[in-house]
Amino acid sequence: MTSLPTQTDRKLGLVIDLDICVGCHACVTSCKGWNTENYGAPLSDMDAYGAKPQGTFLNRIHSFEVQPQQADKPAQTVHFPKSCLHCDDAPCVTVCPTGASYKRQEDGIVLVNESSCIGCGLCAWACPYGAREMDADAGVMKKCTLCVDRIYNENLPEEDRQPACVRTCPSNARHFGDFADPESHVSQMVTDRGGFDLMPELGTSPVNKYLPPRPKDAMEDVPDILGPMMARVDDTPTGFLGWLDRTLEKI
Amino acid sequence: MHPAPSVIIFSVLSGLGFGLLAWLTLGLPDVSGWVLFTFFAIGYALAVGGLISSTFHLGNPQRALLAFTQWRSSWLSREAWLSVLSLVTTGLYALAAIFFDTYFVPLGWIASLLSLATVFSTSMIYAQMKTVPRWKHWTTNALFLLLSAGGGALLAAQTTAAWILLAAALAVQILNWSKGDTAFARSGSTTETATGLGAIGKVRLFEAPHSGGNYLLDEMVYRIGRKHRNRLRAITVICMAAPIVLLIVSPLGHLAALVAVVVHLTGVFASRWLFFAEAEHVVGLYYGKAP
């Protein structure tokens, strides 16, 4: 049923720390690997060795440049991983005509039942975040499953029972946990660091939260040692350089 | 948004077909026997032909029957139900009218309402999308309904109703454009809200996630050049206005009526193509494509 549950028992999701993501794309690769080899239709690539390669990904890293309002402050680069935010008020679920798209009451994960997906693409239209991609080979909608086949999988060692992207992140920028529990480490991080929602104006109430980059060091009291030495020596040269300058002007 | 031919053909032809059926089930025009049969056949060919066309953009059309299950939440599912209900109700009315010369007037009213409700549910599929600010406006519903009822009136030879409805459709079309052109800016979604980095300063895309294309870019970040947009808008206005002038200045013979219908359809196709091609999806903000 594609009506949303009135509330979910748990709210599993991710915290993504924009302060320490280094933009290495390891999570992209591990996500593609795990989700191609496991649950559902593989994430296909089209024309992989041709002129216009294209493929299905459930997690993609954008990089943004932010220019602070104070003009003298330098711009900063922010690496920005983006995958399904498992919204509480998920518009992708309610538009689905077949019931393939659903949000689980027990843990809040938004999933697609691929055997009832007709591939109409309406859920991808309804998602503001570009979290859903139609697989060009299978003709069904693919999306982040929060690695539902890892997190409850007792055949895996306990430390591997978290989403592939979280497990693989070398800089520890991604964290997995239950947001319904205010004591969980993800809830604590959101409180401590001022975690925020993406496009809150659309009323989707995302479960996943992003932590803002920490303020940059200001370096205001550091004496400028090299600066004076690098200043221009002479604007009106004399001697040989002066002669050269005047001669070149005349030509 | 990507202007998919199957969806454009579907919404234009089905809209026109259901519009015609809505007039026929009201007993207009006042004809019977094989003439009435021909009218109904045209209505069904357009409505059903459009519906069949819509299945061509599905990834797995063999499961299309599942689309009847989620009418509680999904406008696409409601559209599936309403289209079948209206076609069945219309069919019962038409059978009695054509072959038994018996007119079940209340049944006809219900069939007529169901036909319009089907067009309304089609329009809601687009008008509900918060992610496409240009679509999320009452003029989307009004435009679909007026073009359907007006085009149907044109086919059903309801001269007065046709020119009034088509003139209203043209007015709503122009309002839809003028409101739509500022809709994204008014929606409040920016690269800053999309990334949540607005508190620091001005945000721009520094590097895309990949050098190639992807489904999102192909499907939702389609963009039309301004030059073509203005030309297509002019074509739309001219083709929508011409039948109105024809209807007012002279009583239409069969040939003139055919010309009016073809010109009208050209205008609606141009309008519907623009409806998709001009629509900006907020996901473009993540790809440096703010409108």
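From the backbone N, Cα and C atoms, a Cβ is placed for every residue, glycine too.
Automated prediction, rather than curation, is the source of TrEMBL annotations.
Pulled from TrEMBL:
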type     : residues  : note
TRANSMEM : B:7-28    : transmembrane segment
TRANSMEM : B:34-59   : transmembrane segment
TRANSMEM : B:80-100  : transmembrane segment
TRANSMEM : B:106-126 : transmembrane segment
TRANSMEM : B:138-155 : transmembrane segment
TRANSMEM : B:161-178 : transmembrane segment
TRANSMEM : B:232-249 : transmembrane segment
TRANSMEM : B:255-275 : transmembrane segment
Given pairs 6 or more apart, does the transmembrane segment (B:80-100) have at least three Cβ pairs under 8 Å with the transmembrane segment (B:7-28)?
yes
Beyond the flanks of the transmembrane segment (B:7-28) by 6 or more, those residues with Cβ under 8 Å of it:
36, 39-40, 42-51, 53-54, 57, 83, 86, 89-90, 93-94, 103, 105, 107-109, 111-113, 115-116, 118-119, 122, 144, 147-153, 155-156, 158, 265, 268-269, 272-273, 276
Out of B:34-59, B:106-126, B:161-178, B:255-275, which stretch has the largest tally of CB pairs under 8 angstroms to the transmembrane segment (B:138-155)?
B:161-178
